Each structure stands twice: as C-alpha cells, then as structure tokens.
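These notes concern the structure reproduced below.
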Amino acid sequence: MKSQWIFTSLIPHIPSCFSSILFPFKTPKLYQFPSSNLPKLVLNHLDLSLLLSLSGKQGFFLLGSSIHASFIKNPENIYPIEDFKDSNNALVVWNSLLGMYSRCGTLTDLTKLFDEMPMRDTISWNTMVSGFLRNGKFDEGFAYFKQMRKSGICWFDQATLTTILSACDRVEFYHVVKMMHGLVFSNGYEKEISVGNSLITSYFRCGCLSSGRQVFDEMFERNVITWTAMISSLVQNELYEESLELFNQMRSGPVCPNSLTYLSSLMACSGLQALTGGRQIHSLLWKLGIQSEVCIESSLMDMYSKCGQVNDAWKIFESAQDLDEVSMTVILMGLAQNGFEEEAKRFFMKMFESGIEIDPNMLSAVLGVFSEDTSLSLGKQIHSLSIKRNFGFNSYVNNGLINMYSKCGDLEESAKVFSRMSQRNSISWNSMIAAFARHGDGCRALQLYEEMRSDGIAPTDITFLSLLHACSHVGLVEKGMELLKSMTDVYGIIPRAEHYACVVDMLGRAGLLNEAKTFIEGLPVKADMLVWQALLGACSICGDSEIGKYAANQLILETPESPVPYVSMANIYSSRGKWKERARTIKRMKEIGVSKEIGISWIEIEKEVHSFVVQDRMHPQAELMYGILEELLELMLEEGYVPGNVTPTEWNLEDISKYALDIGAGHGYFKRNEESEQLRFQVRCLFSVAFP
C-alpha cells in the first residue's frame, strides 16, 4: 500500500508529520486497517505516545485500537524491546493508551485497560477521573478519585483537582467544591494559579458568588486567566457593574486583558445597555487590532443592538470579513428586538435562499421573532424546516416551537411538540408550564409542575413565575402562597420583583386588596414599580380608588415619567363616577407632559399579519370591522350580558372577548373549529383595538 510506504519512510521525521500519517485513516477503506497489516516500524515510547495522543485528539479510535493490538500481539513489529525494559517507558505508553480511549469516549475499553495495567501512577488515575467526567459520568469519575486516595500508592496533584472542579458546574455539586477547596489548603495547593482559577469558576457555577470572590481576593498571584474567569463569572451571574469595575481594575494593573476578557466586558455593556462604555471598549479593540475577530465582532453587534444602535451593528456586520452562524443570529435578533421585525424576516429568508447553513440556535432565535407578532403560518414553516434539517430532537428548537405556538394562540400544538420531545430540560418544562399559564389553564400548569418534579428536574425561578401567574388567573390563592414559600424554603431560590408582583396580582384578582397592600409592606426588599403596578392594576379591576391612589402615588415616586398611574387612576375614577377627580388626573398628565403610549395589536388572517392601534381607522376594512363589533355589542346586550361598569372602556376585556366569541359563533360570524384559542385571541385583539 502506498500510504504504508509513506508511513514507513517518514519514521525519522515522526514528530513533525503525524498529521500526514493520520490522514489516510480518515478514509472508509483504511478505517478497517487490520493491526496485522501495520507497517514494521521502529518507534520508541515517546513516538508511540505522540501517535496515540493524536489518535485520541482526532477521534481515530480504530487507528489507536490497532496500535494497542500490535502493542500486545506483535510488539517486535512496532518498537524495540530494549526501550520497554524500563518500566517508566512502558508506563508512558500505557497512559497514552488510556488517554486515547478516554478521548474517544470508549469507557468500557478504558476501564478494561486500566484494570489490566501492570502498574499505575498519578497520570493513570487522573486519566480515569477525567475520562468519566469528560463523558458526563460524574459519580463514576469521582469514585475513581476516592479509590486513588484510598490506594495510598499514588497521590492526587493539581491536575486532579482542576479536572474535578471543572466538572462541578451545577448547584448540586457545591458540597464537592467545598470539599475540594479544603483539600487544596490541606495539601498545599493554595498558591497554584490554575487551581485558584478552577475554584473561582466552580463556585460561581454553583451559585456561591461570595466564596468565588473570596478565592479571587485571597489569591497570591493572578494571571490573565484568573481575571478573565472572575469577570466572565460575574457577567454570567448578571453582575454587570461589578464585572466592569473589575475590568477597569485589571487594566490599571500589570496583567493585560485578552480577547476573552474584552468579550466578557462587552457582554456586561450589553446587559447594562451601557453604550458609552461599549464604545470605549470598541475603541480599545480597534487600537489593539483585534476588533475583526469573529467572536469580538458578534459581541460588538450584540452590544450595539442591545443599546438600540442597530445602524452601528449593521455597519460592523457589513464590514465583517468572516461571518458565522452566531453573527447571523445576533444581527437577526438585533433587528427584531429593535422593532424591525419585517426586516428580520426578510434577512432570514435571504439567508435561507442564499444557501447559508442554518443551525438550531438560529432557528430558535427566528422562532422567537415570529412568535412576537403572531406569525403562526411563518412559524409553521420554520417548524417544517426544522424537521427537514433533522433538528426535531434539538431541545433549543423544540423549546422555541412550544413558545411560538403558545404565543400565537395554538396551545394544543405546543402540547404536541412537548409530548414528542425525547429529552426535556428545565427550559422545556418551563416553556410548557408558561404556555398553560398564559392561556389560563392553571390546573394543567400545576399538574405539569408535579410531573416535572417527578421527572427529577429541579424548578427554577422561571418555573415559579409561571406557576404564580397560573394561580393568579384561576384564583388559587392558598396554592400560590404555598408555592412562594416552597420557592425559598425548599429550593433556596430568592424571589425577584416579578414573583412578588404576581402574588400581588393574585391577591388583587381575588379581591383581597388589603391583604395585597399588607403583603407589599412586609416584603424583605423595597417594592419596585412592577409590584406597585400589579396593585394598581388590581385596584382598576375592583374599582378601589383609595388603595389605588396609594399605589399610584408610590408608582409616581418610582417612575414619574410613566403614564400608567395617571391612566389607571383616571379609569378607576370614571368607573366610580368620580368625574371631577378623573378630569383633574387627565389635566395633571397634560401639565407634566405625560402621554399614554398607543396600544398595538397584531392579527394573522390568511397568512398575512395585520397590525392595529387603538381606535385605528386606517385599515382598508376598518368600517366593516367596526360595524361587526357594534353588532356584536348589541347582540351581547340583547342576550343579557351585563358588563358591570358604566362604559365599554372599563369592561373586562377577557370576559367580553369570550362572550363575544360565543355570541358571534351562535349568529354565524365565526366558525368554531380546532383553532378556537387562536380565534378567541383574534376577537380579543379586535376589542382591544376598538376601545382604548
């Protein structure tokens, strides 16, 4: 074989030509290359170690196993016996074989080889630990670490510690990180920078931010990896201001930031929408000449998009020499998040028509765009595309589909996608629970929560937010309060303002306004605008002007420029017949220059999305639609519907929409079918357009 001749002739230059040697084994024909046909070589233990290492890194399992077979069956064909009389030389090859099986993920072969090894050292044990951890087998990997300590022959080193710490990426591994931290000090590794870096990252991944920061502050020496690990960990935990302070502190010291450091700092600017800071970092990148790196360009585009500067993001996109799927997704999301939904759609369609590779992350992002403007038909096209591209088993895509169908009003299709998923993560469960909650089906949301727990998936803060929302809509006050308590007592999750706002809304919808006010006053943190808005909204529903005025005043103190407290109080006063108070409120709005933001709704009819603003008369079929609405209102009143308030502006929009759907179907305006949720949603949109 010609490749064998090349293989043999290049032996004197093995260290510099292994990539060429390995290339023939990538072809299907040579994948079946039997060990007996390996060319007769003269390799020492270092040559074999290097060849096995490359086999593992490239995933050439058959080549590595063929070398292993020759090493056992025909040793005279592959290495000089004299070289392996030294047990240390033989151990180098044994460890390289372990490394090859570990990297190729063949754990059965790895275990068998380890058990048969005539001798072992620390590297052998480390390879076993890392092999199982790398392949997601934490318990087995940690068991080998325990055996290593009990053996008394070999002792762990800093590589062992960093390997185990790198695998501790979830809250449940916190006790392991604490134990490893203790071993670091008791065995004199506290001055090792790599160990300190791993401790910082592991503590932050486990949610113990104070311990991670303490490790950083107490380190004897820090390198660029240390600073970057700390800054990126702060960013991942949304501590953006603290991360930028640390970035500036790093720049004033002897250690220079690298690309990853700048990347994390740009992400912090994106999170804070800090345009000035982002521009300063962009200027630094330009001076250093690294602004053209693909990951940097993507982060710059994301930062400018999050800061509302789509034009700047687009300029970077157009000038970029190398674009990947991440860059495409960032600019797509940037367009959508800044109100350019149609441009985002056209951009995606142009990408698709140009033959650009579409990956699951991009599809997930696109689904998020289409779900925001009820583009059900386009969402279904993306669903079909995901099936054609074999993304049907991708959790990101399926989660996006659940969310898209739910927001577009097709709850049953969301449930179908969820039921077909072979693997579900916490986002999958949260998306489906949120879908049921969004559609007012609190019982199914709570039932799914119990199934989630039975499946071994720990609920997150998002889970509880959806559950509280569900309890609010179905009036399960006691269950909601029970969930809030278990959130902290059982799962150790600290409630956010959104959770407290949901509880206030739940109490308010149940007519327990005094209890809602008392709940706010007893919060462990100062109530923010979300909480006061929830109380004010509840007062609007119940028509309570006294507590409503109290909530409105608190909200004005929080956000004096917001029209919400004024509009809500005006509606409360009108519902109670207090016209003078209403007039004073409207006058006050005009005096301080506060105006109500115009509401907008979207409806998809026959694959075309129509948008409407409140009291919109610009649509070509506006007269027809308003005529139908007036007829529906007359029919509803004739059928005996009593809205309970004095004017249509104060009618309960959800109730009136449901009632209109029943009346409309009975008189032939609508046809009931399997998409009744979507139809009800459209009727609700029409009423929201008619009445401000």
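Cβ atoms here come from the backbone N, Cα and C positions, even for glycine.
Note that the structure is a prediction, hence the values are computed from the model and not measured.
Annotation source TrEMBL lists repeat 'PPR' at 121-155 (among others). Under DSSP, the residues of the repeat 'PPR' (121-155) split into helix, strand and coil as follows: 27 helix, 0 strand, 8 coil.
Annotation source TrEMBL lists repeat 'PPR' at 223-257 (among others). Proximity of distant same-chain residues to the repeat 'PPR' (223-257), defined by a Cβ-Cβ separation under 8 Å and at least 6 residues beyond the stretch ends, is recorded for 193-194, 196-197, 200-201, 204-205, 209, 212-213, 216, 264-265, 267-269, 271-272, 274, 277.
Among the features that TrEMBL reports, repeat 'PPR' is placed at 324-358 (among others). Taking Cβ pairs closer than 8 Å, the repeat 'PPR' (324-358) reaches residues 294-295, 297-298, 301-302, 304-306, 308, 310, 313-314, 317, 365-366, 368-370, 372-373, 375, 378, 385, 389 in its own chain, all 6 or more past its ends.
Taking DSSP states H, G and I as helix and E and B as strand, the repeat 'PPR' (394-424) has 23 helix, 0 strand, 8 coil. The annotation repeat 'PPR' is assigned in TrEMBL to 394-424 (among others).
Same-chain residues lying 6 or more positions outside the repeat 'PPR' (425-459) and placing a CB less than 8 Å from one of its CB atoms are 395, 398-399, 402-403, 405-407, 411, 414-415, 418, 466-467, 469-471, 473-474, 476, 479, 491, 493, 677. What TrEMBL records for 425-459 (among others) is repeat 'PPR'.
Proximity of distant same-chain residues to the repeat 'PPR' (121-155), defined by a Cβ-Cβ separation under 8 Å and at least 6 residues beyond the stretch ends, is recorded for 91, 94-95, 98-99, 101-103, 105, 107, 110-111, 114, 163-164, 166-167, 173, 176.
Across the repeat 'PPR' (223-257), DSSP classifies residues as 25 helix, 0 strand, 10 coil.
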